[in-house]
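> Right, I'll just put the structure down here and ask away after.
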Amino acid sequence: MALLLRHSRKLRRVHVVLDCERGSIARHFSVAAAKEDAVSSSSVHGEYGKKVGRSSIFLDRQSDKDLHTFKVSSREAGGSYSSKRMPIAATGVNSLFSCGQVVSARHFSSGADLPPHEAIGMPSLSPTMTEGNIARWVKKEGDKVSPGEVLCEVETDKATVEMECMEEGYLAKIVCGDGAKEIKVGEIIAITVEEEGDIEKFKDYKASSSAAAPAESKPQSEPVEPKEEKKEVSKAPEPTATKTEESSQSGDRLFSSPVARKLAEDNNVPLSSLKGTGPDGRILKADIEDYLSKGSKKEAAAAPGLGYVDLPNTQIRKVTANRLLQSKQTIPHYYLTVDSRVDKLIKLRSELNPMQDASGGKKISINDLVIKAAALALRKVPACNSSWMNDFIRQYHNVNINVAVQTEHGLFVPVVRDADKKGLATIADEVKQLALRAKDNSLKPEDYEGGTFTVSNLGGPFGIKQFCAIVNPPQSAILAIGSAEKRVVPGAAEGQYEIGSFMSATLSCDHRVIDGAMGAEWLKAFKGYLEDPTTMLL
């Protein structure tokens, strides 16, 4: 048999792989496997090396025997795992959302004497998500879980999402409990087992440091910078103290005797508030004593501390802050403002809403008309419907308008897709539905992803006349809408005047993508639709 295997390459390969599989199974399910087993032999077979990873096979050609040795790493001995993707579904609250981005791992019994189990990691539920919070656990430790059942609610950078289980078993251990904050994507949050009797063995389970998210290891490569900062700080006090002393004596033209300075320092008396009686206005000891005798010492005391309360930042607030900071630091903004007469726009709305009421539809708002006008202007000037991609500019075929909605949970920007192709009634209905879901904190990722342009309106709700908005990356423009106000303007005949309604609109642009003339062309098209709104219906 050994001779046949030696001269048949294919049979030898199959034989090696089968032995490796047999040895691998024996290794993982036997507590008698020893770390020290080692047999000197030839190099690892190529096909087998690819297949079994950490295990190694040694072929003793002299005795024609296949000897297998499995080297157990410290991670394996401690019950750690090899990563494997597990399909787990995640759903937006009150709505279905499937997701396979949950990190899971299959564990086997080892030195830690842990039975086979699944480690569930924090899922990545949006393209920008790097960490999440556990809002609450729907299942408790010891509960049986079945495919499709909700395990917990995860607060992402966009919304609160339900995470479902796809495999049957028991929830043995909740590693990150209700309210756990800033959990890195991939970090273990729970353990499930197949057998109910294995639950008790995970009572004291703690996730190993090796199971932490990869992002946690990055700071280890940058230990030098803090040391340099400390050196600079340690050198700074000497010249600073010298400069202060010199300025107090000569730079600010304050002259005082050493005794007076010591007395003022001991009693917290500001020398700048005193007028010296000595030569050349020098402050003397008698001046300090006179100041103290008049009771001014109490007036110089420090002001009482301010009362305050620290409000924790939500995940949405953190992401909003980071994205807007990134926008202002990396995008060269410029702003264009135009005033549009909207008498015809207001009249059209008053004519359309009775028809909406009769048909049971949603009322059309000024903001709905603005969204439609912005979408048509983007179709007319497609260069403004673009994004900066470093090596190129990406121009989009679809016109998807994000609409800023402020809620008690934070700022949301749900998207109206293909707004240039939709009627006013459809836009009005979608905007109101999205706004309700935003206020309920139940938006799904598809409700806010994929926008190409943003509209923010502070005029109607708050009466703001005009403001400049921050570009929402990776978009290249955002439109800020102010309130409509009455103005006296020249009439048709000479010497006559009339009252008209005007609305200010400010376009914030990324100068890398949209040049000034291009932005002005877009605003001209937008203004044209507002001042002659019937053209939007053609």
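Backbone N, Cα and C define each Cβ position, glycine as well.
Fair warning: this is a prediction, and the values are worked out from it, not measured in the lab.
Copied straight from TrEMBL:
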type	residues	note
COMPBIAS	209-223	compositional bias 'Low complexity'
COMPBIAS	224-235	compositional bias 'Basic and acidic residues'
DOMAIN	117-193	domain 'Lipoyl-binding'
DOMAIN	255-292	domain 'Peripheral subunit-binding (PSBD)'
REGION	209-254	region 'Disordered'
> The domain 'Lipoyl-binding' (117-193): mean pLDDT?
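Over the domain 'Lipoyl-binding' (117-193), the predicted model scores a mean pLDDT of 87.
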> So, by DSSP, how many helix, strand and coil residues make up the domain 'Lipoyl-binding' (117-193)?
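With helix first, then strand, then coil, the domain 'Lipoyl-binding' (117-193) has 0 helix, 39 strand, 38 coil.
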> Count up the helix, strand and coil residues in the domain 'Peripheral subunit-binding (PSBD)' (255-292) according to DSSP, in that order.
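The composition, in the requested order, is 23 helix, 2 strand, 13 coil.
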